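**Student:** Sharing a structure, written as structure tokens. Questions coming.
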Amino acid sequence: SERGCAFCGAKLVIGGVLKDTIQMIHGPLGCAYDTWHTKRYPTDNGHFNMKYVWSTDMKESHVVFGGEKRLEKSMHEAFDEMPDIKRMIVYTTCPTALIGDDIKAVAKKVMKDRPDVDVFTVECPGFSGVSQSKGHHVLNIGWINEKVETMEKEITSEYTMNFIGDFNIQGDTQLLQTYWDRLGIQVVAHFTGNGTYDDLRCMHQAQLNVVNCARSSGYIANELKKRYGIPRLDIDSWGFNYMAEGIRKICAFFGIEEKGEALIAEEYAKWKPKLDWYK
């Protein structure tokens with residue numbers, strides 16, 4: 001399936017969700033097509049991530065003679081075509097990993113040529129693991145090693161958290177954001193639903209890591225705890241009672257239990273009659 005390889009686990013599940021980032025897939029066209037338009041993660045900026053996918057479109061000659069020049073050319077072309085976008089993730093695929101293309105070196109060269117852009121590389125070809133799970137791990141660990149704490153953002157609340165492992169499937173991240181706003185909690189970074197590249201560079205500034213999908217994103221939460229002392233709290237937002245339990249756990253951490261109970265009461269009053277109909 002489109003989720004069946006390690007590359008897909010990195011690009012389709014996590015990286016490709018970001019709303020302001022060019023997703024450059026260094027490999028044959030099929031690798032890009034297979035991980036495009038197969039997930040429903042909308043954004044509040046016109047669904048940029050769902051409209052576009054980029055590929056170096058490797059052919060046989062590039063496999064034989066190397067694809068680094070083609071990658072460099074493709075990166076410049078993408079930035080030229082999307083002048084408002086200054087962030088990019090570059091992924092290796094099976095062919096480009098097998099021939100040993102050095103995508104990190106190419107990324108450094110492009111960033112030197114274009115000082116206003118930032119590029120993250122994910123070296124996770126399909127064959128590097130037995131399932132998509134390997135791709136989750138590679139992107140999680142690569143991001144915290146290379147990008148976290150490379151930027152600071154303004155903190156506007158006394159309560160801050162990272163919301164990790166939620167990918168805005170059918171807009172759930174945006175719905176949950178309304179709850180955090182009502183509770184007065186600032187989300188430093190969404191990993192990665194409706195999220196931005198630069199917000200993810202600020203994950204070290206949060207007081208709490210709330211994990212919604214542990215399988216895909218628990219790795220970075222564990223590393224944030226180990227390196228920065230940020231506690232990890234797991235919730236399940238899929239389900240009425242589960243969500244209420246999650247809100248209670250988060251509010252207990254911040255000492256705002258009354259706010260949490262008020263929010264839950266409002267939502268119960270709104271939705272319980274409709275839920276009762278199904279009983």
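Backbone N, Cα and C atoms are what each Cβ position is placed from, and that goes for glycine too.
Residues or ranges marked as [8Fe-7S] cluster binding site in Swiss-Prot (evidence: similarity to another entry): C5, C31, C94. Annotation comment: Swiss-Prot describes C213 as [7Fe-V-9S-C-homocitryl] cluster binding site, evidence class similarity to another entry.
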**Student:** Please report the distance from the Cα of C31 ([8Fe-7S] cluster binding site) to the Cα of the residue listed as '[7Fe-V-9S-C-homocitryl] cluster binding site', rounded to the nearest angstrom.
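**Tutor:** Here the two Cα atoms are 25 Å apart.
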**Student:** For C94 ([8Fe-7S] cluster binding site) and C213 ([7Fe-V-9S-C-homocitryl] cluster binding site), determine the Cα separation and express it in whole Å.
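**Tutor:** That comes out at 27 Å between the alpha carbons.
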**Student:** Counting Cβ neighbours within 10 Å across all chains shown, tell me which of the binding-site residues C31, C213 comes out on top.
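**Tutor:** Its Cβ has the most other Cβ atoms within 10 Å: C31.
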**Student:** Taking the Cα atoms as reference points, how far is C5 ([8Fe-7S] cluster binding site) from the residue listed as '[7Fe-V-9S-C-homocitryl] cluster binding site' in Å?
**Tutor:** 19
**Student:** Hey, of the binding-site residues listed (C5, C94), which one tops the CB count within 10 A?
**Tutor:** C5
**Student:** Where does C31 ([8Fe-7S] cluster binding site) sit in the DSSP three-state scheme?
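**Tutor:** The residue in question, C31 ([8Fe-7S] cluster binding site), is helix (DSSP, three-state).
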**Student:** Which of the three DSSP states, helix, strand or coil, fits C94 ([8Fe-7S] cluster binding site)?
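**Tutor:** DSSP assigns C94 ([8Fe-7S] cluster binding site) to helix.
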